[in-house]
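Q: So Swiss-Prot lists the following for this protein:
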| type | residues | note |
| --- | --- | --- |
| TRANSMEM | 23-43 | transmembrane segment |
| CARBOHYD | N57 | N-linked glycosylation site |
| CARBOHYD | N65 | N-linked glycosylation site |
| CARBOHYD | N68 | N-linked glycosylation site |
| CARBOHYD | N108 | N-linked glycosylation site |
| TRANSMEM | 152-172 | transmembrane segment |
| TRANSMEM | 183-203 | transmembrane segment |
| TRANSMEM | 214-234 | transmembrane segment |
| TRANSMEM | 244-264 | transmembrane segment |
| TRANSMEM | 268-288 | transmembrane segment |
| CARBOHYD | N345 | N-linked glycosylation site |
| CARBOHYD | N352 | N-linked glycosylation site |
| TRANSMEM | 359-379 | transmembrane segment |
| TRANSMEM | 389-409 | transmembrane segment |
| TRANSMEM | 416-436 | transmembrane segment |
| TRANSMEM | 441-461 | transmembrane segment |
| TRANSMEM | 476-496 | transmembrane segment |
| TRANSMEM | 501-521 | transmembrane segment |
| REGION | 543-577 | region 'Disordered' |
| CARBOHYD | N546 | N-linked glycosylation site |
| COMPBIAS | 551-560 | compositional bias 'Low complexity' |
| CARBOHYD | N558 | N-linked glycosylation site |
Amino acid sequence: MGSRHFEGIYDHVGHFGRFQRVLYFICAFQNISCGIHYLASVFMGVTPHHVCRPPGNVSQVVFHNHSNWSLEDTGALLSSGQKDYVTVQLQNGEIWELSRCSRNKRENTSSLGYEYTGSKKEFPCVDGYIYDQNTWKSTAVTQWNLVCDRKWLAMLIQPLFMFGVLLGSVTFGYFSDRLGRRVVLWATSSSMFLFGIAAAFAVDYYTFMAARFFLAMVASGYLVVGFVYVMEFIGMKSRTWASVHLHSFFAVGTLLVALTGYLVRTWWLYQMILSTVTVPFILCCWVLPETPFWLLSEGRYEEAQKIVDIMAKWNRASSCKLSELLSLDLQGPVSNSPTEVQKHNLSYLFYNWSITKRTLTVWLIWFTGSLGFYSFSLNSVNLGGNEYLNLFLLGVVEIPAYTFVCIAMDKVGRRTVLAYSLFCSALACGVVMVIPQKHYILGVVTAMVGKFAIGAAFGLIYLYTAELYPTIVRSLAVGSGSMVCRLASILAPFSVDLSSIWIFIPQLFVGTMALLSGVLTLKLPETLGKRLATTWEEAAKLESENESKSSKLLLTTNNSGLEKTEAITPRDSGLGE
């Protein structure tokens, strides 16, 4: 049974009626929780200013010859370099110089001045650290002293999470095809709550990382399966808008991270509160039906018919008999077309030199989109000003970006919108690098422009990739692009960590990649107004048609766009934030 025949059901019961809208917003609400967990480490993994803890009780503190400080307050005064230190006198008369990762004991106990040229002996920070608590009372870093020689453990918090995202998207996508969408939705959402709470109550670093890893797997699994679930209930006339705007709910999660981080400054309480966002979905997800698409593929025709009847009743429409509409063979499960069951490996994406260039360009765009998306978000704490407001604003601009994509891609074309979005992102990165840090407001505004542009590109690449390849490898093309995207999301935190070497390294990486991707995008064929390719010959013809640039205006743009969305079956689609 082809997707075109299945669309006949929606012609009877409605493409996006009341039934589909209720399901859509229930499932989209859980995307908010996924967005929360993807970016929770922006604040949970913050490394506050700190100094080594002295080996005894302090009687006096000196910093740059000013002595009216408490030791807890001086941490915020240290520069990012290692040369600054705090001089303290202990109650036993010893004088120590405390820096970020070491401490020195002065041999001459009569000199408490900041400048000291006498002999001193260096000791490691075996007594722990004193952290600045003006911004955060505690973070995962302060909980387990992930600084200095243990700093690399803190750097793994977000990359390991993204590695879990990579595995989860593959694992749960497989399970949903075997066990059904409904079961996996319930299992992943329940597990998100359990692993989220487990991370908050972790007794050590390794338990915390394990809980976060499994949290990432189930969150990613939900995003993939939830996307397929809602797309299998929505008809072709609404599928493009509905699929793109699922990203908007993910962006709302970013807003909640910023708001919760501002209100709650203790990491485990922050994590617990964020984890409760998934509770409303857990309470109602058990009433969600299985999709008729999956039921039919399993030969469960009576159950599929019941769901279609319920859809028609909710939508106040007339139902239809699946056996007549789809000409079902009631003796066995619905079979796919030969091209759908035919297996293809990655080498098919390098069918010839033309397709090879197309594949490498598409992969680069996926990589750039993900790298830019997470670099802008994770780097919000380095923009200056209020870091919570920065992240909030960077999340807000995503929502109009997806609306812009939905409108612009059918007006001026996929390739044009994608290329100029990448160029705009590259330009924003370049402008941020030349803005003096004292003008941080201008820097934040420019970063918002960059996030808007990269969000638009990121939202468009899913559909554009599917339109560039023939049916026999379409799912493989989107899936491989999604995998490249997730590899970039693993590397993005390391790029942000390099800002300690030079604060603009993330912008340099993203800007360079976006500029290169934009140039190469202009070499791709335009797919607006063209039917989806079903063979390699038709896919290659896209390129020749692009070069010829026929002057004939395509009057059926909107209809053909709908046909493309129809032909991209939910099984071909994937969601990889």
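Note: Cβ is positioned from N, Cα and C throughout, glycine not excepted.
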Q: In the same chain, who gets a Cβ under 8 Å from the transmembrane segment (501-521) while lying at least 6 residues past its ends?
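A: Same-chain contacts beyond the ends: 361, 364-365, 367-368, 371-372, 375-376, 379, 382, 415, 418-420, 422-423, 425-430, 432-433, 437, 450, 454, 457, 495.
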Q: Below 8 angstroms Cβ to Cβ, which residues of this chain, lying six or more residues outside the transmembrane segment (476-496), approach it?
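A: Contacts of the transmembrane segment (476-496) (Cβ under 8 Å, skipping residues fewer than 6 from its ends): 41, 155, 157-159, 162-163, 165-166, 169, 344, 346, 348-349, 359, 362-363, 366-371, 373-375, 378-379, 382, 461-462, 465-466, 468-469, 505-506, 509-510, 572-576.
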Q: Identify, in sequence order, the residues in the chain of N352 (N-linked glycosylation site) that are 6 or more apart from it along the sequence and have a CB within less than 8 Å of its CB; answer 'none' if there are none.
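A: In sequence order, the residues whose Cβ lies under 8 Å from that of N352 (N-linked glycosylation site) (at least 6 apart) are W536, A540.
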Q: Which sequence-distant residues neighbour the transmembrane segment (416-436)? Criterion: at least 6 residues beyond either end, Cβ under 8 Å.
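A: Here the qualifying positions are 365, 368, 372, 405, 408-409, 442-443, 446-447, 449-450, 452-454, 456-457, 460-461, 464, 504, 507-508, 510-512, 514-515, 517-519, 521-522, 526.
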Q: At 10 angstroms around each C-beta, which of the glycosylation sites N57, N108 has the fewest other C-beta atoms nearby?
A: N57
Q: With Cβ distances under 8 Å as the criterion, find the stretch in 183-203, 214-234, 244-264, 359-379 that has the most pairs with the transmembrane segment (152-172).
A: 214-234
Q: Rounded to a whole angstrom, what is the C-alpha distance between N57 (N-linked glycosylation site) and N108 (N-linked glycosylation site)?
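A: Just about 19 Å between their Cα atoms.
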Q: Can you tell me which of 183-203, 244-264, 359-379 gets the most C-beta pairs within less than 8 Å of the transmembrane segment (214-234)?
A: 183-203
Q: For N352 (N-linked glycosylation site), name the DSSP secondary structure in the helix/strand/coil scheme.
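A: SS state of N352 (N-linked glycosylation site) = coil.
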Q: On the three-state reduction of DSSP, what should I expect for N57 (N-linked glycosylation site)?
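A: Reduced to three states, the DSSP call for N57 (N-linked glycosylation site) is coil.
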Q: Report, as numbers and ranges, every residue of the chain located at least six residues beyond the transmembrane segment (359-379) whose Cβ falls under 8 Å of a Cβ in that stretch; write 'none' if there are none.
A: 39, 41-42, 158, 254, 349-350, 391, 394-395, 418, 422, 425, 447, 450-451, 454-455, 457-458, 461, 465, 468, 477, 480-482, 484-489, 491-493, 495-496, 499, 506-507, 509-510, 513-514, 516-517, 520-521, 523-524, 576-577
